[in-house]
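If you check TrEMBL, you get these features:
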- 1-191: domain 'Mannitol dehydrogenase N-terminal' (DOMAIN)
- 3, 4, 5, 6, 7, 8, 9, 10, 11, 12, 13, 14: NAD(+) binding site (BINDING)
- 199-340: domain 'Mannitol dehydrogenase C-terminal' (DOMAIN)
Ligand SMILES: NC(=O)c1ccc[n+]([C@@H]2O[C@H](COP(=O)([O-])OP(=O)(O)OC[C@H]3O[C@@H](n4cnc5c(N)ncnc54)[C@H](O)[C@@H]3O)[C@@H](O)[C@H]2O)c1
Ligand SMILES: O=P(O)(O)OC[C@@H](O)[C@@H](O)[C@H](O)[C@H](O)CO
């Protein structure tokens, strides 16, 4: 069994690659980072070291590595004969990976079982996005039947790695991989550490609107409080209070929309607050807050739940405060932070809301978002 995995970064090596390796796949890592791919190709194994409750260390071996920028044809040929393709490259990068999958489907022997394609990104239905890009790139729409596309929700905090760590990855011990089962029928790939679910929506929304909403809130308020790590940030009572308030609001949505037991959701969010506080995870606020424009998108961790709460007439004050904190994420090394700051200095508040959040005029959240942006602009004036 062979799996091609795009993105040999933190979650690629520390989670997806590991779980596929444990499932018995030969993993072919494909990445555009030449230094990383050369190191992987030259090294027979690397270690995934867990920190936290029940931590263990695993060795990943029996893999290969290809540079998908310089060896595109080889990557395409690998996909053409693989059982599984996964990605962990970031939602904005899926469109660059899609043409390679489309080319591989054209080459694929129609007698082979269908290729299982799963995007492991922090976004609602990221695989649908990838599928749409693959469809656009297909030479013949009939080749689409050679693949099955399934959405997934992946959860494991994998921070940036310390300089000098090489290929080894330090990760938290907690992990969860939920995959939607229906697209596969009775042909689901064998991945024992993942769980296949009939309806992914409650899983991905619970994950994104609890783990990632809480994480990003910790990062943005932590950044303002001068914290460098997420553990340090959540240890600041005023930051923790903002995070709890935000998670109280997203809990109300998750309970109302997906019928979660409130006590179970409360336990889930408490577990996540403990995950953020793990002092052994050297996770910095700049990583967790990275790409703030993406994080302020319409279906993302702040605006997604806030819009639905507002539509239901439920409170969104804490989420709006978190959006206000996100606007102050000023990190010169993060191109989206620079763009955000530049946009705030030149666009009107309403135009900013339309462009960045995608919330339309007349939506119950629109004027409230305009007020948050306008308040930030006057604070700077
Ligand atoms: N790190 C985490 O805790 C975590 C957890 C769950 C999900 N995720 C999601 O996984 C994705 C990756 O996150 P990460 O933290 O591993 O980031 P990362 O930056 O460590 O890794 C991304 C990798 O993708 C590679 N890449 C970029 N463009 C590429 C292309 N065109 N083709 C192939 N490879 C390409 C980069 O070189 C890099 O090695 C994101 O969507 C993130 O939201 C991350
Ligand atoms: O990867 P992002 O930028 O969408 O979000 C940053 C972190 O919140 C994220 O990577 C978490 O560590 C991860 O989602 C935990 O499962």
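Glycine is no exception: its Cβ is also placed from the backbone N, Cα and C atoms.
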- Message: Under 8 Å between C-beta atoms and at least six apart in sequence, can you list the same-chain neighbours of residue 3 (NAD(+) binding site), or say none if there are none?
- Response: 20, 25, 26, 27, 28, 82, 83, 84, 85, 86
- Average model confidence [pLDDT] within the domain 'Mannitol dehydrogenase C-terminal' (199-340): 98
- Message: Please give me the CB contact count at 10 A for residue 5 (NAD(+) binding site), counting all chains in the structure.
- Response: 28
- Just checking, which of 7, 9 (binding-site residues) has the fewest C-beta atoms within 10 Å of its C-beta? 9
- Query: If you check the binding-site residues 3, 5, 7, 9, 11 one by one, which have a CB less than 6 Å away from any atom of ligand 1?
  - Reply: 7, 9, 11
- Message: Among the binding-site residues 11, 13, which residue has the fewest other Cβ atoms within 10 Å of its own Cβ?
- Response: 11
